[in-house]
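Database features, via TrEMBL:
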type	residues	note
TRANSMEM	B:21-51	transmembrane segment
TRANSMEM	B:63-82	transmembrane segment
TRANSMEM	B:116-135	transmembrane segment
TRANSMEM	B:147-166	transmembrane segment
TRANSMEM	B:199-217	transmembrane segment
TRANSMEM	B:246-268	transmembrane segment
TRANSMEM	B:280-308	transmembrane segment
TRANSMEM	B:329-349	transmembrane segment
Amino acid sequence: MGLIEAIILSVLAASTPLLLAATGELVTERSGVLNLGVEGMMIVGAACGFGGAWLSGSIIVGALCGMVAGILMSLIFALMALGLAVNQVATGLALTILGIGLSGLIGAGFVGERITPAPHLHIPGLSDIPLAGRILFGEDGFVYLSIALVVGVWWFLYRTRAGLILRACGDNHVSAHALGYPVLRIRLYAVMFGGACAGLAGAYLPLAYTPFFIPGMTAGRGWIALALTVFASWRPARLVVGAYLFGAVTILQLHAQGAGIGIPSQFMSSLPYLATIIVLVLLSRARTGGSTAPAALGTVFVPDR
Amino acid sequence: MQLVLEKRAERSATIALISPLIAIGLTIATLCIVFAVLGKNPIAALAVYFIDPLTDGYSLQEIAVKATPLVMIAIGLSLCYLANAWNIGAEGQFLIGAVAGSWLAVKTQGTDAGHWVLPAMLVLGAAAGALYALIPAICKVRFGASEILTSLMLVYVADLLLDYLVRGPWRDPQGFNFPTTAEFDPVATVPTLIEGGRLHLGSIIALFVVAAGAVLLGRTIKGFEIRVVGAAPRAARFGGFNANQLVLLTFAISGALAGLAGIIEVAGPVGHLQPGISPGYGFTAIIVAFLGRLNPIGILIAGLFLALTFIGGEQAQIAMKIPLDVTKVFQGILLFYVLACDSLILYRFRLISSSPKVQSGAH
C-alpha cells in the first residue's frame, strides 16, 4: 500500500466521526436548536458503543448501543431546552460535563479491553484496483453510512415538505407556530436525530478507529463538529468538504510527527484546534452581508396557548 | 398529560432564593440512585461525601484550597454570563496563567532573587490569562466568530503548550524524566496561613475577589452596564452602552481571574508546574457560577459546596471504592437541576390533562 493511499484512507477514517456528528448537529441547528452537548453525547456514545460491541461481539449491536445512548442524552437536553425553556448554551454545556462523567463510569469496566474493529468492505476485483480500489471499495461500513447520511439529509432538507417545515421552525418559530406546525415536537425530533448521529459518531471511534475505549477519547471532536456546521454555513454539501479538510489536518499532523520533523509533537497536535479558530474567524469575517445561520438558532420558544 | 409553561407576571423572588437549594436536594436524591445502582449503601456514601469532610481540620482546609480557584474563576465567568458573553475556556486561561507565572519561577530558580518574585508571578499569570481570554473576545467583536467555540478550542491549545514546556525546555533535570518542573523556590511560593497546614494566601485573595465582584456589580456604573447589556440588549443600545467593549472587558477580567487562579494553584498547593494541575476547575467553575446565581456571595457558597464534592469524592473513592467519575456525574446533574429550577423563576410549570386532539388544534 502506497503512502498516498494510506494517507487518504486514514483521512477518510478521521473525518467520518466529524461528518456523522456534524450532520446530526446540522439538522438540530436547522430546526433552531443549538445543542452544545455534542461532545458529551459522543463520548457516552463511545463508551456505550464499545460496551455493546464488547459484550455482544457484534459491531452493529455496538453501533446501535451508541446511537441509543446518544438519543437518551439528547432527550435530557430536549427536556431541559425545549420542555423547560432553559438557556440552550448552558444546557448544552451541562450535557457535555455530564457526558464526560457518565462515560467514565460506563467505560470503567471496559478500559484495557480490545475488540475486533469493524471489517472493511472487500469486493474481489474492484477493491484490488490500484490506488482507487481500496479508497472507493475498501472502507468500513461507517464511512459509506456517513456519506449516505449527508445525502439523505440534503434530500430531506431541500427536497421534502417535512424538511421545509423543519427549516421554517429554525428560521422563524413564531410564524411556524402561527401556521399550526408543532414547533417543539419538530425540534424534539431534530434534537433526537442529532443525538443519534453524535452517539454513532462517538461509537465509531472505539468500533472502527481504534479497537479499544479510553476515557476522553473524543478529544474535542464534538466541538470541532459544532464548528463545522458554522464552517458549512449550515449546508450539507459544504459539511462534507469541511469534515474532510479537518480530517486531513488531523492526519497530516500525525504523519508529520511520524516523519520526525523538528517541530514538537504538541504543536502539531494543536493544529486542528488552531485551524478551527482560524476558519471560524475567516468565515465569520467573509460574511459581511448578514449571517447565514438559522435566524431563530438558540432562542427559547414557549408556545402561547 | 402535558407540561405547559406559563410566564410569570414578574420574577419570583422566593424561588430565586430557594431554587439552588431545591436543585441540590434533587441532585442528592439522584445521587442516591446512582449509589444504589453501583451497589453502595446510599446513606453511608452520602455521609462520606458530604459529612465526613466537614469533621476534620485537614479536610476543611482542603475544601478552602479547592474552593479558591473555583470561586475566583466563577466570579469572572459570572460577569461574562451576565453580559451574555459565553466564555467557556476558563480552563485554558487557568493553564496559561499557570504557565506564564511559572516562567518567572523557573527563570529565577536557584538565583538570589528577592521577595518580588511571587507578586511578579501573580501579575504575569493574571496578565497572560487576560490576554489569552481576549483572543476569543476579539475574534467575536471584530469578526463575529462564536466565542463559545474559539474559547473552548484554546483550552486544548493551552493544555498542549503546558505539556510541551514541562516535557521539554522546563523539565526538571533531576526529575527522573517525569514531566514536571523543579519545585519552586520559597520566594516563588504562595505562603501558607497556618504553619504546616494547607490553607494558603490564595484563599484570602479569593475573598477579596468576591468583595470586588460584589462592589463592581452592585455599586458601579460598569456593573450596571454589564447587567443591562445581558438582560436587555435593546435597552442597552438605547442607553448608549457599548456592548462590544463590555464583551472585551468581561472576557479580560474573567481571563485575568482564571490566570491568577492558575498561578496561585501552581505556586501554592502544587508547588511546581506539571500536566494535570487542574481537575477541570475551569469547567466546574461554570457550574459554580450558575449555582451561585451569578451573584458573588452566592458563588462563594457554591464554590465551597462544589469543593466539598471534590474532597468527598476523593474520600468516597478511598473509603468505599466509589469511582471518581461519580463526582463529575454529580456536578453535571447538579447543573441540570440548577438550570431547570431557574426556569421556575420565570415560568410556572403546569401539568394539563386534556385530550391531545384539542391540544394539537390549539398549537
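Cβ from N, Cα, C; glycine included.
Curation plays no part in TrEMBL annotations; they are all automatic predictions.
Owing to the predicted nature of the structure, the values given are computational and were not obtained by experimental measurement.
Within the same chain, the transmembrane segment (B:246-268) stays apart from the transmembrane segment (B:329-349): fewer than three Cβ pairs sit under 8 Å, each pair at least 6 residues apart. Sequence-distant contacts of the transmembrane segment (B:147-166), counting only residues of its own chain at least 6 positions beyond either end whose CB sits under 8 Å from a CB of the stretch, comprise 85-89, 91-93, 95-96, 98-99, 132-133, 135-137, 139-140, 179-181, 247, 251, 273-275, 277, 282. Across the candidate stretches B:116-135, B:199-217, B:329-349, the maximum count of CB pairs under 8 A to the transmembrane segment (B:63-82) is reached by B:199-217. Against the transmembrane segment (B:199-217), stretch B:280-308 has more CB pairs under 8 A than any other of B:21-51, B:116-135, B:280-308.
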